[in-house]
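Asks: Below are the structure tokens for one structure; questions will follow.
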């Protein structure tokens, strides 16, 4: 017969291919699929593969003008999720040709663009992505990475210390700069703009940049250490964001900051390129991540957002604290912390890692632990995150009864004590409290902090 067979057909005829052998160049995705009652899992998995690649709801004559076999996504494996009713992990392979080189934006538009609103699915969550080396090589990645950052800052063998300046909204630029100076002077490596400090009526960005630069230079002169403040360059337009980054470079400061999810991947990648070309480090905040990753059965796991950030570019990214959370959470968090830092990560389902990932020497990203932590947590943080991390104590610095500088001193003393104890072979997990107590005997600032936040 002439023509083609019109009409609606089952996706699984075309897009469910359990005998498919994945290629090294395929982008692989693991989706957690919750089909509507009565929808077989194979059909649901095939729908996801179709709608995120070449498929549409009915047969179209223009299908004959291309080779579907070459361009279609394929659902190649489905497994039920243990302990969950009617929930499956569907593995989908996408041919590399479907994606624009060096564009996280395009990768996400394809893989998670349309398919999450599908009627046949009750819920859908992207759990992990395997980025093939051929695609990774089209990205610049982090502007500098862990090693270059250490060399720029001349700080080795320990985690870095930071602090978010509070109250986050309402301070004038001069008072803000003063708070920055005191923290850096006391012994922190970095201070940080809050994610929502951009350029508001009470503190315009240029004034803040100037006073923070003054604080940095003064603290550097007094301590003999290199200091930084994450100047938030996030803005309403891409041009304005770059304008702020240019001004930071002209001031000679070491690092700027971006909210990569609210600012968007396109803006983030542009900023990362600018930062590499101009020697600026780039700190990334993940504001809005919980909108995407909080639900267990729908959205995207943070490890996917973390992988995307490593491709798009950033030298630091917030990654949760682990401390005081559930034990299982700890393994999962450490899984994506390794995905950020290491060059090669083996598949390990107990840590939430669905695919072996080879980053082909793309620079690593420093994970930032931030939120509700204080000096008593220092041994655990040092043990869990190791040297390649940034530990950020906002309230844990500024909440010190004697002020910011003593708060910074307390944190630095606690950190140095933990690192020294670890290097001497002591067990931080078991002896942590004892190590902090010993150190507080010769540091009144630490003793006062220990008293305020005793558990």
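Here the Cβ of each residue, glycine as well, is placed from N, Cα and C on the backbone.
These figures come from a predicted structure and were not determined experimentally.
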Asks: With 114, 164, 168, 318, 370 listed by Swiss-Prot as substrate-binding, which of these, 286, 294, 341, is given for the same site?
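Replies: As annotated by Swiss-Prot, 114, 164, 168, 318, 370 share the substrate site with 286, chosen from 286, 294, 341.
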Asks: Measuring Cα to Cα, tell me the gap between residue 194 (Mg(2+) binding site) and residue 164 (substrate binding site) in whole angstrom.
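Replies: Answer for this pair: 6 Å between alpha carbons.
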Asks: Would you list, in sequence order, the recorded positions among 5, 192, 195 whose CA lies within 10 Å of the CA of residue 286 (substrate binding site)?
Replies: 195
Asks: In the structure shown, which of the binding-site residues 194, 195 has the fewest other Cβ atoms within 10 Å?
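Replies: Across 194, 195, these binding-site residues, the one with fewest Cβ atoms within 10 Å is 194.
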Asks: Of 114, 164, 370, the binding-site residues given in the record, which has the fewest other CB atoms within 10 A of its CB?
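Replies: Counting other Cβ atoms within 10 Å of each of the binding-site residues 114, 164, 370, the minimum falls on 114.
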Asks: So which recorded positions are near residue 168 (substrate binding site), with CA atoms within 10 Å, out of 5, 195, 285?
Replies: 195
Asks: Which residues, sitting 6 or more apart from residue 5 (N6,N6,N6-trimethyllysine) on the same chain, put a CB under 8 Å from its CB?
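Replies: Counting only residues 6 or more apart in sequence, the Cβ neighbours of residue 5 (N6,N6,N6-trimethyllysine) under 8 Å are 59.
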